[in-house]
């Protein structure tokens with residue numbers, strides 16, 4: 001008997017009356033149901049409880065089945081994105097991000113039609129899913145794969161663009177949005193909302209440009225675009241978190257100073273935590289030589305320690321993006337050289353594959369969520385406002401980007417003596433264009449600020465969400481499709497570079513640094529840096545002294561390329577013995 005049937009029966013039942021002065025146990029009260037069915041009250045409670053439990057169990061099974069169906073469809077779509085991306089590899093007019101967005105949008109349309117216009121999503125947006133599971137492998141791999149020599153040689157310029165430039169863009173977008181949106185009457189947005197808008201749309205996504213640029217042909221440009229992109233994301237998230245911590249309804253000089261102090265505190269402490277986590281992993285793996293017995297344990301330990309650094313930053317309310325990025329840099333500089341050759345190849349490709357899948361997953365979801373009917377229902381009575389807000393945000397992004405790229409490039413060039421190190425106007429335009437696209441970080445921050453668990457019914461919040469989706473889609477697809485012809489026009493590739501780019505790097509190249517004794521040009525620095533040289537090129541002088549300190553102290557403690565001692569059973573010892581055996585076999589066979 002269902003709950004509704006039981007309630008109907010109770011409405012027609014006979015309950016005997018008792019004298020109120022008599023004391024009796026209600027649990028033994030007998031109720032006569034239609035059809036002369038006798039039921040005690042305690043039995044009735046048990047029946048109702050059992051019926052409710054069965055209904056909840058049925059709903060749970062239905063929910064679990066729907067989740068399984070959703071995940072099956074999502075995995076199939078991920079496979080489709082990879083296959084289609086491979087087929088489009090030759091033209092490269094459409095990268096994986098654009099492909100995932102288009103496939104996600106088409107899937108959203110199909111689901112929208114099947115559901116009768118009720119929903120276009122198979123997964124509900126979760127900030128935890130993005131920040132805890134999808135973002136860490138992307139940022140860590142960025143640090144792990146970065147070319148450290150170029151990154152730290154241009155570190156001051158990267159920080160100038162990534163930190164100072166993001167702050168300039170943040171100020172322009174925030175105050176521009178406040179001045180223009182207040183005249184449009186789009187809803188009750190507070191000063192914290194306007195500052196959050198500045199942080200949200202200051203976060204760039206330079207994936208499209210990086211996939212077109214040739215790292216070997218234009219190392220300076222690639223290093224600047226890549227480094228600025230990571231530091232920019234970290235700065236935007238730190239700004240966003242700082243905005244949420246402070247009561248900005250009444251801003252004064254004291255609050256502004258506290259806000260700035262909190263920003264730099266998060267920036268410095270997050271970087272220090274990432275470096276410490278990376279050094280800890282290097283020291284542990286160097287001392288224990290886990291790879292002697294199990295390569296799997298060695299790889300697992302590297303992955304877990306990297307993820308631990310991210311979660312520790314979250315635990316202490318720091319910038320987890322900065323932490324895991326610098327953890328990746330330190331791990332690639334020290335830890336990676338302390339593991340076995342098999343672990344080297346495994347970790348390099350595993351981290352890259354995890355990052356790739358996370359990126360595709362994010363853009364696939366964004367494409368599907370763009371057609372979510374709930375948000376568009378709220379703003380359908382004011383389409384002009386939504387289009388106007390999106391247009392204003394695109395204009396502010398263009399302006400905010402130009403406001404710091406060209407002036408800061410001019411300041412950076414004043415400190416450079418070599419023409420090869422200067423940023424000419426073609427490079428400046430490429431850097432400006434690379435930062436016009438907005439991606440998953442902007443989406444996640446917008447959801448955090450303007451929705452509750454991925455849903456919103458407020459007009460102002462719905463307009464901001466739909467505008468963010470519009471800006472992300474337009475900038476990624478339109479600007480992304482124009483990136484290749486623009487970059488090819490501004491940075492034409494030479495035949496030599498294109499031939500080099502097509503060559504496949506053999507697996508043995510990952511082992512070469514471990515087996516070859518480094519020459520004086522790499523580690524033995526004989527040139528002395530004078531005061532004049534330091535004033536003329538401070539970044540090169542700092543890099544010079546860091547290499548001296550790194551070779552003399554850091555590499556001897558934490559290991560690294562060409563310095564780790566040959567201890568029996570260690571990765572160095574194993575590699576040297578393998579190399580000796582190969583040389584001996586070649587000599588016996590008469591090979592050169």
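Backbone N, Cα and C define each Cβ position, glycine as well.
Note that TrEMBL annotation is computational and uncurated.
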Per TrEMBL record, range annotated transmembrane segment [choices 217-239, 240-262, 263-285]: 263-285
The annotated transmembrane segment range in TrEMBL, which must be one of 462-482, 483-503, 504-524: 462-482
Where TrEMBL places transmembrane segment among the ranges 192-211, 372-391, 392-411, 532-551: 392-411
Which range of 158-177, 558-577 is transmembrane segment, per TrEMBL: 158-177
Folded-back contacts onto the transmembrane segment (100-117), same chain, C-beta under 8 angstroms, at least six residues removed: 73, 77, 80-81, 84, 94, 359-360, 363-373, 473, 476-477
Stretch with greatest number of CB pairs under 8 Å, the transmembrane segment (129-146) reference, 305-331, 431-450, 462-482 candidates: 305-331
Long-range neighbours of the transmembrane segment (392-411), counting only residues six or more past its ends (CB under 8 A): 160-161, 164-165, 168-170, 172-173, 176-177, 180-181, 197, 201-202, 423, 427-428, 431-432, 435-436, 438, 467, 471, 474-475
